[in-house]
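As recorded in TrEMBL:
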type	residues	note
REGION	36-58	region 'Disordered'
COMPBIAS	36-46	compositional bias 'Basic and acidic residues'
DOMAIN	97-212	domain 'Tetrahydrofolate dehydrogenase/cyclohydrolase catalytic'
DOMAIN	233-380	domain 'Tetrahydrofolate dehydrogenase/cyclohydrolase NAD(P)-binding'
Amino acid sequence: MGGAAVAVLAAATARRKSGPFVSLFSRAARRLHDAAETAAAEEDKAGTQSRRRRRSSSSLLLGPDFLDTWDPISRDTTPQAPPRCAQADYDRTATIIDGKSIAEDIRFHIAEEVCQMKRSVGHVPGLAVVLVGDRRDSESYVRYKVKGCEEVGIKSLLAKLPGNCSEDEVMDSVSRFNEDPSVHGILVQLPLPEFMDEERILSTISLEKDVDGFHPLNVGNLALRSRNPLFVPCAAKACIELLLQSGIELMGKHVAVIGRSKVVGLPTSLLLQRHHATVSVIHAFTTNPEAITRESDIVISAAGVANLVRGSWLKQGAVVIDVGTNPIEDPTSDYGYRLTGDVCFEEAVNVASAITPVPGGVGPVTIAMLLGNTLDSAKRVYGQSD
Ligand code: GUN
């Protein structure tokens, strides 16, 4: 509210009030009001017109909805080879953060708790996955999630729908799982086919079963540090878990998060702030991202662009968490492609003090976090949460 408006409101409030403070308050309010009027008159001369023109509607204030397209190449549908990284020609300095073994440890403890739950209440946690279409990457992620459930004794249910099904059919699957008491967690594998309204579908998932943490209330509660979300998105939790388990201090550290997606970048930046880190969010419209990463103690990349982060982007001794899983052609691989990260590993490993590999870094810990969220949800249902 502008100064003049505050003064007017104060004067009006004072007029409505009675008692000994009224005249004093009105005098003060009038003085404020007069001062504001004088200032406004002066500003008027200096250019009210341009100020009026600049005042925006609330939809404009929320910003235009631009997609993060990282480079002109990615708009092209023909696959392009990512930039080649320089081969290491001197000793590596970085510790490799072993996501596989950290995930194994977490799964071990989850399996123990699932056994205990079965003994005490006769139920196990249940995770339902909705998969729409036949994207190879989504199918393989879902396979890993189902396998993870099997390993720890969580029941998994899969609703597989064709890519040309209707939005209502997806919503029906979600609703059925919402009502099923044996299901404690529901996830709709993203991305959905482009014609579907992702937000509408995701907000159908019951808040209490939103193990992905994408429901607007869970995201909002994550953003508000005085509140606690029921679930935090799994990849964001995985990044923090990897850093904490590697003994890396977050408080006061400058962290560059590359990417601002609902799945990784946004929740990771929010979670880092809850850990009192200073966060720079880099996105496709950021000018000179390398200058920001070079200033950062920790770089977390979730841009989805192979080899985006070069060795020259990093400060000596920085910690690097690579969330990227980008398929690149590889005729020597069984599938004709292999997964590579956002970070040019061969270069970064000579500059960083610690780095996660791809594969074997963030991925397995993310799945362990999903199993953990499902277990937490079931514990809440059966009155076993701390
Ligand atoms: N697609 C890629 N990562 C994720 C994830 O964490 N959850 C869901 N639902 N879809 C994804």
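Glycine too: its Cβ is placed from the backbone N, Cα and C atoms.
Counted with DSSP, the domain 'Tetrahydrofolate dehydrogenase/cyclohydrolase NAD(P)-binding' (233-380) comes out as 54 helix, 30 strand, 64 coil.
The average per-residue pLDDT of the prediction over the domain 'Tetrahydrofolate dehydrogenase/cyclohydrolase catalytic' (97-212) is 97, rounded to a whole number. Helix, strand and coil counts from DSSP across the domain 'Tetrahydrofolate dehydrogenase/cyclohydrolase catalytic' (97-212) read 61 helix, 18 strand, 37 coil.
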